[in-house]
Amino acid sequence: MVIGCIIGTIILFLSKGENSHILRFNEELFFIYLLPPIIFNAGFQVKKKRFFQNFLTIMLFGVFGVFISSAIISAGSWWLFPKIGFDGLEKQDYLGANLPFSLLYSGAIFSSTDTVCTLQVLHQDETPLLYSLVFGEGVVNDATSVVLFNTIKKLDVSSIQGWRIVLHIFGDFLFLFSTSTILGVCSGLLTAYVIKALYFGRHSTDREIALMALMAYLSYMLAELFRLSSILTVFFCGIVMSHYAWHNVTESSRTTTRHVFATMSFIAETFIFLYVGMDAVDMEKWKVSETRCRTLLGIYGVILSLVLLGRAAFVFPLSALSNYLSSTYERSAITFRHQVIIWWAGLMRGAVSIALAFNQFTDSGVTWNPVHATMITSTLVVVLFSTLVFGLLTKPLVGLLLLSRHGEGSGRSSRSGSPNEEEDGGAALSLLAGSFSLLLERPAHTIHAYWRRFDDTYMRPIFGGPL
């Protein structure tokens, strides 16, 4: 990001103040070409055992947390912006100023988190539960923010009034979430079957890798075509591919896929942050914005304060709820230190926030509306400040909080060579299967045992993978 700012400054100087970037930001370029490899690699490399063991907590943070945070940020902005002299936002930007509970639209922009910085500091072997929660919430959070943004954007406020708006939002959200997940799972299963059963998909590293990458991208484009959540689709496609298709390819392809997908993801992330840094010094947006400096500082302060408050409003209460539920099936509790780290990990804002802001407040990256230009520059400043300042403080904070770790195992039981963590499950099957009382006492373990039996009996013989 700093390098991007330096490059933007050099270009600005060479162009004599007329331009600061080589490419103009286009949200379609971001969502179609840059985001898919990042999300797919996240699903492909995810530790599935940990992810699904903590699935309920991850969904609490990643779904309900976004709704809570969006409501606080939107309602707080609606109330505080006029008090600091910024009251030019049109009603459609908030879906009507008379509907404070429906202000999730603007809140969705600043509810999308970027947990990459914290994940670089955490070690999943030392803190497997904490790493799983931060990683899982980061992916689900991005998907939920985009789905929520698109859901509310499609609403016709003139024909829906009162609490029906909330019900309509939840209904559309659940439909998009479930159908996108099903599409991703089906795409992953189809890829696994083609590689396992059809000759043209095997015995060639280039062919196997190309087939996996193209099928993943096809699932993303199909979701876009059907107006579903492409992020969720490609994420679950990556999970299913790593569970089945990865075991059907040759040994060289297994090693290569891990590095190729991780490299593509890293290149996309690097390009995004370089561009964010370059776009921050684009004088065109700053010139269009006619907001006074004092008001701008007030906007930045309000947004950052609401981000801090919105995170705290759901991380600590939902952690307490998760700990209460986990006490019934003997899962490790989320300590207060870990709750603080989870809260801190979600304070950074990233490229998804910028893409959503550009989608709403610009036309192909350009705006001549002073109020919209102010929102764009405010988003850029919040992303830069949260990433650079909060990001620089992440390592010392995490080191201080994890100085004395208790109650969490080392988690070094993963199989070497696999991109995901598998559980043997044999003992769990013999101990847990067929017992309704254990289902009530230890639901996660019992459901996992039944799933492993179904997976070994019906799924793996068809789609591949070791029994």
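Heads up, the Cβ atoms here are built off N, Cα and C, so glycines get one too.
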Feature transmembrane segment in TrEMBL, mapped to one of the ranges 29-46, 425-442:
29-46
In TrEMBL, which of the ranges 210-228, 229-247 has the transmembrane segment annotation?
229-247
Cβ under 8 Å to the transmembrane segment (259-278), counting only same-chain residues 6 or more beyond its ends: which ones?
1-8, 11, 20-23, 25, 30, 33-35, 37-38, 40-42, 44-45, 116, 209, 213, 350-351, 354, 380, 383-384, 387
When only pairs 6 or more apart in sequence are counted, do the transmembrane segment (298-321) and the transmembrane segment (58-81) reach 3 or more Cβ pairs under 8 Å?
yes
Ranked first among 29-46, 58-81, 341-361, 381-403 for CB pairs under 8 angstroms with the transmembrane segment (229-247):
29-46
How about the transmembrane segment (29-46) and the transmembrane segment (341-361): at least 3 CB pairs under 8 Å, pairs 6 or more apart in sequence, or not?
yes
